[in-house]
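*Asks:* The structure that follows is given in the form of C-alpha coordinates.
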Amino acid sequence: MSKKPVRVAVTGAAGQIGYALLFRIASGEMLGKDQPVILQLLEIPDEKAQKALKGVMMELDDCAFPLLAGMEAHGDPMTAFKDADYALLVGSRPRGPGMERAELLAVNGAIFTAQGKALNAVASRNVKVLVVGNPANTNAYIAMKSAPDLPRKNFTAMLRLDHNRAASQIAAKTGKAVADIEKLVVWGNHSPTMYADYRFATIKGESVAKMINDQEWNANTFLPTVGKRGAAIIEARGLSSAASAANAAIDHMRDWALGTNGKWVTMGIPSDGQYGIPKDTMFGFPVTCENGEYKLVEGLEIDAFSQERINKTLEELQGEQAGVAHLI
(Lines of atoms letter the chains of each structure in order from A and count residues from 1; the text may use other names and numbers.)
(Lines give C-alpha, C1' and ligand atoms only; values in the text may rest on other atoms or scores of the structure.)
Protein backbone atom coordinates (compact mmCIF):
# COMPACT_ATOMS: atom_id res chain seq x y z
CA MET A 1 0.00 0.00 0.00
CA SER A 2 1.63 3.27 -1.04
CA LYS A 3 1.72 6.01 1.58
CA LYS A 4 -0.31 9.20 1.34
CA PRO A 5 1.88 12.20 0.46
CA VAL A 6 2.86 14.52 3.30
CA ARG A 7 3.13 18.28 2.92
CA VAL A 8 6.55 19.82 3.52
CA ALA A 9 6.74 23.63 3.67
CA VAL A 10 10.15 25.23 3.13
CA THR A 11 10.82 28.96 3.49
CA GLY A 12 13.70 30.75 1.79
CA ALA A 13 13.24 28.06 -0.84
CA ALA A 14 15.27 29.78 -3.59
CA GLY A 15 18.19 30.57 -1.29
CA GLN A 16 21.53 28.76 -0.97
CA ILE A 17 20.43 26.39 1.80
CA GLY A 18 17.07 25.82 0.09
CA TYR A 19 18.88 24.83 -3.10
CA ALA A 20 21.04 22.33 -1.18
CA LEU A 21 18.00 20.98 0.70
CA LEU A 22 15.05 20.56 -1.65
CA PHE A 23 16.51 17.90 -3.94
CA ARG A 24 17.37 15.74 -0.94
CA ILE A 25 13.87 16.06 0.52
CA ALA A 26 12.35 15.17 -2.86
CA SER A 27 14.63 12.12 -3.21
CA GLY A 28 13.39 10.66 0.09
CA GLU A 29 16.48 11.30 2.21
CA MET A 30 14.54 13.14 4.90
CA LEU A 31 11.36 11.12 5.39
CA GLY A 32 12.23 7.77 3.83
CA LYS A 33 12.33 6.14 0.42
CA ASP A 34 8.65 5.14 0.63
CA GLN A 35 7.17 8.53 1.64
CA PRO A 36 5.83 10.78 -1.16
CA VAL A 37 6.05 14.53 -0.51
CA ILE A 38 4.33 17.68 -1.69
CA LEU A 39 6.69 20.67 -1.48
CA GLN A 40 5.08 23.99 -0.48
CA LEU A 41 7.76 26.55 -1.23
CA LEU A 42 7.80 30.06 0.21
CA GLU A 43 9.88 32.98 -1.00
CA ILE A 44 9.56 36.70 -0.45
CA PRO A 45 6.87 38.12 -2.73
CA ASP A 46 9.14 40.09 -5.01
CA GLU A 47 9.50 39.32 -8.70
CA LYS A 48 13.18 38.36 -8.64
CA ALA A 49 12.83 35.88 -5.76
CA GLN A 50 9.69 34.32 -7.21
CA LYS A 51 11.38 33.97 -10.60
CA ALA A 52 14.39 32.26 -8.98
CA LEU A 53 11.99 29.93 -7.14
CA LYS A 54 10.34 28.99 -10.44
CA GLY A 55 13.81 28.08 -11.76
CA VAL A 56 14.47 25.79 -8.79
CA MET A 57 11.07 24.15 -9.36
CA MET A 58 11.94 23.59 -13.03
CA GLU A 59 15.05 21.73 -11.91
CA LEU A 60 13.08 19.69 -9.38
CA ASP A 61 10.71 18.75 -12.22
CA ASP A 62 13.68 17.74 -14.36
CA CYS A 63 14.89 15.27 -11.72
CA ALA A 64 11.66 13.25 -12.17
CA PHE A 65 11.76 12.21 -8.51
CA PRO A 66 9.31 9.31 -7.99
CA LEU A 67 8.48 10.60 -4.48
CA LEU A 68 7.74 14.20 -5.51
CA ALA A 69 3.94 14.13 -5.63
CA GLY A 70 3.54 17.87 -6.20
CA MET A 71 4.95 21.32 -5.51
CA GLU A 72 3.68 24.85 -5.18
CA ALA A 73 5.27 28.31 -5.16
CA HIS A 74 4.05 30.83 -2.59
CA GLY A 75 4.73 34.41 -1.53
CA ASP A 76 2.52 34.31 1.58
CA PRO A 77 3.01 32.05 4.63
CA MET A 78 -0.77 31.78 5.06
CA THR A 79 -0.97 29.75 1.85
CA ALA A 80 2.49 28.14 2.01
CA PHE A 81 1.83 26.57 5.43
CA LYS A 82 -1.68 25.28 4.64
CA ASP A 83 -2.03 21.77 6.12
CA ALA A 84 1.78 21.45 6.37
CA ASP A 85 2.97 18.31 8.18
CA TYR A 86 6.57 19.54 8.27
CA ALA A 87 7.88 23.10 8.11
CA LEU A 88 11.53 23.99 7.60
CA LEU A 89 11.95 27.70 8.28
CA VAL A 90 15.17 28.38 6.43
CA GLY A 91 14.67 31.94 5.25
CA SER A 92 15.84 34.72 7.54
CA ARG A 93 17.44 38.11 7.16
CA PRO A 94 21.24 37.79 7.31
CA ARG A 95 23.26 40.32 9.26
CA GLY A 96 24.39 43.06 6.89
CA PRO A 97 27.51 45.24 7.20
CA GLY A 98 27.25 47.58 10.18
CA MET A 99 23.98 46.03 11.36
CA GLU A 100 23.65 45.80 15.13
CA ARG A 101 22.54 42.47 16.62
CA ALA A 102 19.47 44.19 18.12
CA GLU A 103 18.48 45.37 14.65
CA LEU A 104 18.91 41.83 13.27
CA LEU A 105 16.75 40.44 16.08
CA ALA A 106 14.02 42.99 15.35
CA VAL A 107 13.94 42.31 11.59
CA ASN A 108 13.85 38.54 12.06
CA GLY A 109 11.43 38.91 14.95
CA ALA A 110 8.86 40.38 12.57
CA ILE A 111 9.40 37.55 10.03
CA PHE A 112 9.06 34.76 12.60
CA THR A 113 6.10 36.36 14.37
CA ALA A 114 4.22 36.35 11.05
CA GLN A 115 5.31 32.79 10.26
CA GLY A 116 4.37 31.54 13.74
CA LYS A 117 0.92 33.12 13.39
CA ALA A 118 0.47 31.55 9.95
CA LEU A 119 1.45 28.09 11.25
CA ASN A 120 -0.97 28.59 14.13
CA ALA A 121 -3.76 29.45 11.70
CA VAL A 122 -3.37 26.95 8.86
CA ALA A 123 -0.77 24.19 9.46
CA SER A 124 -1.56 20.64 10.55
CA ARG A 125 -2.03 20.49 14.33
CA ASN A 126 0.84 17.95 14.40
CA VAL A 127 3.21 20.02 12.25
CA LYS A 128 6.88 19.48 13.04
CA VAL A 129 8.72 22.81 12.78
CA LEU A 130 12.48 23.20 12.40
CA VAL A 131 13.98 26.69 12.43
CA VAL A 132 17.24 26.91 10.49
CA GLY A 133 17.35 30.68 9.84
CA ASN A 134 19.57 32.54 12.31
CA PRO A 135 19.45 33.45 15.12
CA ALA A 136 17.81 29.99 15.06
CA ASN A 137 17.03 29.49 18.76
CA THR A 138 15.44 32.89 19.20
CA ASN A 139 13.60 32.72 15.88
CA ALA A 140 12.16 29.34 16.97
CA TYR A 141 11.21 30.85 20.34
CA ILE A 142 9.37 33.71 18.58
CA ALA A 143 7.55 31.34 16.20
CA MET A 144 6.52 29.09 19.10
CA LYS A 145 5.24 32.03 21.17
CA SER A 146 3.30 33.30 18.13
CA ALA A 147 1.51 29.94 17.74
CA PRO A 148 -0.36 29.42 21.02
CA ASP A 149 -2.74 26.79 19.58
CA LEU A 150 0.08 24.44 18.54
CA PRO A 151 1.95 22.26 21.06
CA ARG A 152 5.22 23.88 22.23
CA LYS A 153 7.06 20.63 21.57
CA ASN A 154 6.35 20.97 17.82
CA PHE A 155 8.88 23.83 17.58
CA THR A 156 12.60 23.10 17.37
CA ALA A 157 15.81 24.92 16.44
CA MET A 158 18.74 23.48 14.54
CA LEU A 159 21.77 22.58 16.66
CA ARG A 160 22.60 19.58 14.49
CA LEU A 161 25.17 21.48 12.46
CA ASP A 162 27.15 22.18 15.65
CA HIS A 163 26.68 18.52 16.66
CA ASN A 164 27.96 17.25 13.30
CA ARG A 165 30.87 19.71 13.34
CA ALA A 166 31.83 18.52 16.83
CA ALA A 167 31.62 14.85 15.78
CA SER A 168 33.86 15.54 12.79
CA GLN A 169 36.51 17.25 14.95
CA ILE A 170 36.47 14.35 17.44
CA ALA A 171 36.82 11.81 14.61
CA ALA A 172 39.81 13.74 13.25
CA LYS A 173 41.44 14.03 16.70
CA THR A 174 41.01 10.34 17.60
CA GLY A 175 41.53 8.89 14.11
CA LYS A 176 38.24 6.99 14.48
CA ALA A 177 35.18 6.78 12.22
CA VAL A 178 32.64 9.55 12.74
CA ALA A 179 29.82 6.97 12.50
CA ASP A 180 31.08 5.25 15.66
CA ILE A 181 30.78 8.34 17.88
CA GLU A 182 27.84 8.14 20.27
CA LYS A 183 26.49 10.19 23.18
CA LEU A 184 27.83 13.53 22.03
CA VAL A 185 25.91 16.57 23.32
CA VAL A 186 25.73 20.22 22.26
CA TRP A 187 24.19 22.49 24.88
CA GLY A 188 22.68 25.91 24.32
CA ASN A 189 22.52 28.45 21.53
CA HIS A 190 23.41 27.91 17.88
CA SER A 191 26.19 30.48 18.10
CA PRO A 192 29.88 30.54 19.04
CA THR A 193 28.79 30.23 22.71
CA MET A 194 27.37 26.72 22.18
CA TYR A 195 28.95 24.06 24.40
CA ALA A 196 29.92 20.84 22.60
CA ASP A 197 30.35 18.28 25.37
CA TYR A 198 32.07 14.92 24.81
CA ARG A 199 32.28 13.89 28.50
CA PHE A 200 29.69 11.13 27.94
CA ALA A 201 30.70 10.30 24.37
CA THR A 202 31.92 6.86 23.38
CA ILE A 203 33.52 5.25 20.33
CA LYS A 204 32.72 1.52 20.19
CA GLY A 205 32.12 1.60 23.95
CA GLU A 206 35.35 3.43 24.82
CA SER A 207 35.26 6.84 26.51
CA VAL A 208 36.16 9.70 24.15
CA ALA A 209 37.20 11.90 27.10
CA LYS A 210 39.71 9.23 28.22
CA MET A 211 40.96 8.71 24.65
CA ILE A 212 41.62 12.43 24.16
CA ASN A 213 42.49 13.21 27.80
CA ASP A 214 43.46 16.82 27.07
CA GLN A 215 41.41 19.55 28.73
CA GLU A 216 43.56 22.25 27.17
CA TRP A 217 42.69 20.94 23.67
CA ASN A 218 39.02 20.81 24.67
CA ALA A 219 38.89 24.39 25.97
CA ASN A 220 41.33 26.12 23.61
CA THR A 221 41.13 24.22 20.31
CA PHE A 222 38.03 22.02 20.08
CA LEU A 223 35.37 24.41 21.41
CA PRO A 224 36.62 27.51 19.50
CA THR A 225 36.99 25.46 16.28
CA VAL A 226 33.41 24.17 16.46
CA GLY A 227 32.04 27.52 17.65
CA LYS A 228 33.69 29.57 14.89
CA ARG A 229 33.43 27.03 12.08
CA GLY A 230 30.74 28.99 10.23
CA ALA A 231 32.94 32.10 10.14
CA ALA A 232 35.93 30.00 8.99
CA ILE A 233 33.90 28.63 6.07
CA ILE A 234 32.76 32.13 5.02
CA GLU A 235 36.40 33.24 5.17
CA ALA A 236 37.52 30.31 2.99
CA ARG A 237 34.60 30.04 0.57
CA GLY A 238 33.34 33.60 0.41
CA LEU A 239 29.86 32.20 1.08
CA SER A 240 28.16 30.73 4.12
CA SER A 241 27.98 27.03 4.93
CA ALA A 242 24.82 26.17 2.98
CA ALA A 243 25.34 22.50 2.06
CA SER A 244 26.40 21.43 5.56
CA ALA A 245 23.47 23.38 7.05
CA ALA A 246 21.05 21.67 4.64
CA ASN A 247 22.59 18.31 5.54
CA ALA A 248 22.09 19.01 9.25
CA ALA A 249 18.44 19.98 8.63
CA ILE A 250 17.89 16.64 6.83
CA ASP A 251 19.54 14.79 9.74
CA HIS A 252 17.44 16.63 12.35
CA MET A 253 14.11 16.05 10.60
CA ARG A 254 14.89 12.45 9.60
CA ASP A 255 15.77 11.52 13.17
CA TRP A 256 12.70 13.30 14.59
CA ALA A 257 10.36 11.66 12.07
CA LEU A 258 11.91 8.19 11.79
CA GLY A 259 13.67 7.76 15.16
CA THR A 260 17.26 7.42 16.40
CA ASN A 261 17.20 3.78 17.62
CA GLY A 262 18.24 4.90 21.10
CA LYS A 263 21.14 7.07 19.88
CA TRP A 264 21.56 10.56 21.31
CA VAL A 265 21.28 13.55 18.99
CA THR A 266 21.17 17.28 19.68
CA MET A 267 18.02 19.33 19.08
CA GLY A 268 17.10 22.86 20.12
CA ILE A 269 13.87 22.32 22.08
CA PRO A 270 11.76 24.39 24.48
CA SER A 271 12.97 23.69 28.01
CA ASP A 272 10.66 22.32 30.68
CA GLY A 273 13.07 23.49 33.37
CA GLN A 274 15.52 20.59 33.30
CA TYR A 275 19.23 21.20 33.87
CA GLY A 276 18.32 24.58 35.37
CA ILE A 277 17.31 26.05 32.00
CA PRO A 278 14.24 28.31 32.43
CA LYS A 279 10.98 27.03 30.94
CA ASP A 280 10.34 27.83 27.26
CA THR A 281 13.98 28.78 26.56
CA MET A 282 14.83 27.25 23.17
CA PHE A 283 18.00 25.39 24.13
CA GLY A 284 20.25 22.69 22.67
CA PHE A 285 19.79 19.44 24.61
CA PRO A 286 20.61 15.76 24.13
CA VAL A 287 17.53 13.82 23.00
CA THR A 288 16.50 10.46 21.62
CA CYS A 289 13.64 10.16 19.10
CA GLU A 290 11.02 7.45 18.74
CA ASN A 291 7.60 7.29 17.06
CA GLY A 292 7.83 10.90 15.87
CA GLU A 293 8.55 12.28 19.36
CA TYR A 294 11.79 13.47 20.94
CA LYS A 295 12.66 12.72 24.55
CA LEU A 296 15.21 14.61 26.63
CA VAL A 297 18.15 12.62 28.01
CA GLU A 298 17.87 13.42 31.71
CA GLY A 299 20.09 13.03 34.75
CA LEU A 300 23.47 13.86 33.20
CA GLU A 301 26.01 15.22 35.66
CA ILE A 302 27.13 18.79 35.01
CA ASP A 303 30.65 19.55 36.26
CA ALA A 304 32.01 23.02 37.06
CA PHE A 305 33.53 23.68 33.60
CA SER A 306 30.32 22.53 31.88
CA GLN A 307 28.14 24.63 34.17
CA GLU A 308 30.21 27.70 33.37
CA ARG A 309 29.82 27.07 29.62
CA ILE A 310 26.09 26.35 29.91
CA ASN A 311 25.61 29.55 31.94
CA LYS A 312 27.44 31.55 29.27
CA THR A 313 25.30 30.29 26.37
CA LEU A 314 22.12 30.64 28.47
CA GLU A 315 23.01 34.25 29.30
CA GLU A 316 23.36 35.02 25.59
CA LEU A 317 20.00 33.39 24.82
CA GLN A 318 18.26 35.27 27.62
CA GLY A 319 19.68 38.51 26.23
CA GLU A 320 18.25 37.65 22.80
CA GLN A 321 14.87 36.75 24.31
CA ALA A 322 14.79 40.05 26.18
CA GLY A 323 15.54 41.82 22.89
CA VAL A 324 12.41 40.37 21.25
CA ALA A 325 10.09 40.39 24.27
CA HIS A 326 8.13 43.37 22.87
CA LEU A 327 7.23 41.33 19.76
CA ILE A 328 5.57 38.49 21.65
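Each Cβ is built from the backbone N, Cα and C atoms, and glycine gets one as well.
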*Asks:* Among Asn134, Asn137, Asn213, Asn218, which is the one Swiss-Prot gives for the substrate site where Arg95, Arg101, Arg165 also bind?
*Replies:* Asn134
*Asks:* Please identify which of Asn108, Asn126 is recorded by Swiss-Prot as part of the NAD(+) site containing Gly12, Ala13, Ala14, Gly15, Gln16, Ile17, Gly18, Gln115, Val132, Gly133, Asn134.
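*Replies:* For the NAD(+) site that includes Gly12, Ala13, Ala14, Gly15, Gln16, Ile17, Gly18, Gln115, Val132, Gly133, Asn134, Swiss-Prot also lists Asn108.
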*Asks:* Measuring Cα to Cα, how far is His190 (active site, proton acceptor) from Arg101 (substrate binding site) in Å?
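*Replies:* That separation, Cα to Cα, works out to 15 Å.
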*Asks:* Taking the Cα atoms as reference points, how far is Gly133 (NAD(+) binding site) from Arg95 (substrate binding site) in Å?
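*Replies:* Taking the Cα atoms only, Gly133 (NAD(+) binding site) lies 11 Å from Arg95 (substrate binding site).
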*Asks:* What three-state class does DSSP give Gln115 (NAD(+) binding site)?
*Replies:* helix
*Asks:* For the recorded positions Arg95, Arg101, Arg165, His190, which one has its C-beta crowded by the most other C-beta atoms within 10 angstroms?
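*Replies:* The most densely surrounded of these recorded positions is His190.
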*Asks:* Nearest to Gly12 (NAD(+) binding site) in three-dimensional space, by Cα, is which of the binding-site residues Arg95, Arg101, Arg165?
*Replies:* Arg95
